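Peer 1: Quick one: the structure is below, and I'll ask about it shortly.
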Amino acid sequence: MNHHDWTHGVYAITDAGLLPDDARLIACCEQALRGGLALLQYRDKSTDDAKRWRQARELATLCRDHQVPLIVNDDTELALRLRREGYDNVGLHLGQDDGDLTEARRRLGAEAIIGATCHGRLELAERAARQGASYLAFGRFFVSSTKPSAPPAELSLLGEAAVFGLPRVAIGGIGRDNIQLARRAGAELLACVHAVFGGEDIEARVRTLNRLLAGEAG
Ligand SMILES: Cc1ncc(COP(=O)(O)OP(=O)(O)O)c(N)n1
Ligand SMILES: Cc1nc(C(=O)O)sc1CCOP(=O)(O)O
Ligand SMILES: [Mg+2]
């Protein structure tokens, strides 16, 4: 797939509470894409497979139109099914309990973007890098209303993780007040749910985050 550089910038993650139906999900993601995303993640914890397939496929089409990769959270089978349909812009994000990364890499192929949750632990990052991760996600760094139970991590970890030579994602409470802090600590990708989808005028919200990342005042 021809896509923009996905290794730097705003990484938006969907939330079924904030985007409760297909129309809102697609309209809000389109606004976010217009604001300029490096990556978009489809994160839906429901067990409604038909809905998940329908929504993920629509998002894959939308992202392809914007030349942005769509990352499917948790679900290797769903990512694989989309790639087999020809959506080569689809990747996968795996947490520590979401299945085997080596196996996912084998099944999705060398080109697919596969990210791994590493919480606040360098040994998890080392293992994920060895197993073929494309990026390493650390967090949560700040208070997250989306996932208050996520274990906390120190910003200094981001600098230490440079040793793996993979793009570093910061997640957890990232927004306009702290995005520069996380960037300066070493994160190339700044993952946000609430800061992107938790209010009106999503395109403007993403543009503000991008301006802050570019070092301009928000
Ligand atoms: C970019 C990114 N980083 C971390 C996570 C969290 O993954 P996980 O620990 O599997 O938790 P859930 O998101 O599945 O609740 C993520 N999704 N994306
Ligand atoms: C999905 C997720 N994972 C986290 C982790 O630390 O692993 S924090 C988080 C939620 C991020 O949402 P918000 O930007 O609204 O805080
Ligand atoms: Mg998960």
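Quick reminder: no glycine exception, Cβ is built from N, Cα and C everywhere.
Take a look at what TrEMBL says about it:
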- GLN41, TYR42, ARG43, ASP44, LYS45, ASN73, THR117, LYS147: 4-amino-2-methyl-5-(diphosphooxymethyl)pyrimidine binding site (BINDING)
- ASP74, ASP98: Mg(2+) binding site (BINDING)
- 10-196: domain 'Thiamine phosphate synthase/TenI' (DOMAIN)
Peer 1: Rank the binding-site residues ARG43, LYS45 by the number of other Cβ atoms within 10 Å of each Cβ and report the first-ranked residue.
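Peer 2: Its Cβ has the most other Cβ atoms within 10 Å: ARG43.
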Peer 1: Counting across all protein chains present, how many other Cβ atoms fall within 10 Å of the Cβ of THR117 (4-amino-2-methyl-5-(diphosphooxymethyl)pyrimidine binding site)?
Peer 2: 23
Peer 1: Suppose you look only at the domain 'Thiamine phosphate synthase/TenI' (10-196); what would the mean pLDDT be?
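Peer 2: Average per-residue pLDDT within the domain 'Thiamine phosphate synthase/TenI' (10-196): 98.
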Peer 1: Give the subset of the binding-site residues ASP44, LYS45, ASP74, ASP98 lying near ligand 1, defined as CB under 6 A from any of its atoms.
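Peer 2: Within range of ligand 1: ASP74, ASP98.
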Peer 1: Express the distance between the Cα positions of GLN41 (4-amino-2-methyl-5-(diphosphooxymethyl)pyrimidine binding site) and ASP98 (Mg(2+) binding site) as a whole number of Å.
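Peer 2: Taking the Cα atoms only, GLN41 (4-amino-2-methyl-5-(diphosphooxymethyl)pyrimidine binding site) lies 15 Å from ASP98 (Mg(2+) binding site).
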Peer 1: In whole Å, how far does the CA atom of LYS147 (4-amino-2-methyl-5-(diphosphooxymethyl)pyrimidine binding site) lie from that of ASP74 (Mg(2+) binding site)?
Peer 2: 15
Peer 1: If you count CB neighbours within 10 Å, which one among the binding-site residues ASP44, ASP74, ASP98 has the smallest count?
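Peer 2: Per-residue Cβ counts within 10 Å for the binding-site residues ASP44, ASP74, ASP98 bottom out at ASP98.
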Peer 1: C-alpha of THR117 (4-amino-2-methyl-5-(diphosphooxymethyl)pyrimidine binding site) to C-alpha of ASP98 (Mg(2+) binding site): distance in Å?
Peer 2: 10
Peer 1: Through the lens of DSSP with three states only, how would you label THR117 (4-amino-2-methyl-5-(diphosphooxymethyl)pyrimidine binding site)?
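Peer 2: DSSP assigns THR117 (4-amino-2-methyl-5-(diphosphooxymethyl)pyrimidine binding site) to strand.
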Peer 1: Out of the binding-site residues I have (ASP44, ASN73, ASP98, THR117, LYS147), which ones have their Cβ sitting under 6 Å from ligand 2?
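Peer 2: Among the binding-site residues listed, those whose Cβ sits under 6 Å from ligand 2 are THR117, LYS147.
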Peer 1: Measuring Cβ to any atom of ligand 3 with a strict under-6 Å cutoff, which of the binding-site residues GLN41, ARG43, ASP44, ASP74, ASP98 qualify?
Peer 2: ASP74, ASP98
Peer 1: Assuming the binding residues for 4-amino-2-methyl-5-(diphosphooxymethyl)pyrimidine are exactly those in the record, GLN41, TYR42, ARG43, ASP44, LYS45, ASN73, THR117, LYS147, what is the maximum CA-CA distance in angstrom, rounded?
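Peer 2: Overall maximum Cα spacing for these binding residues reaches 16 Å.
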Peer 1: Provide, as an integer number of angstrom, the distance between the C-alpha atoms of ASP74 (Mg(2+) binding site) and ARG43 (4-amino-2-methyl-5-(diphosphooxymethyl)pyrimidine binding site).
Peer 2: 8
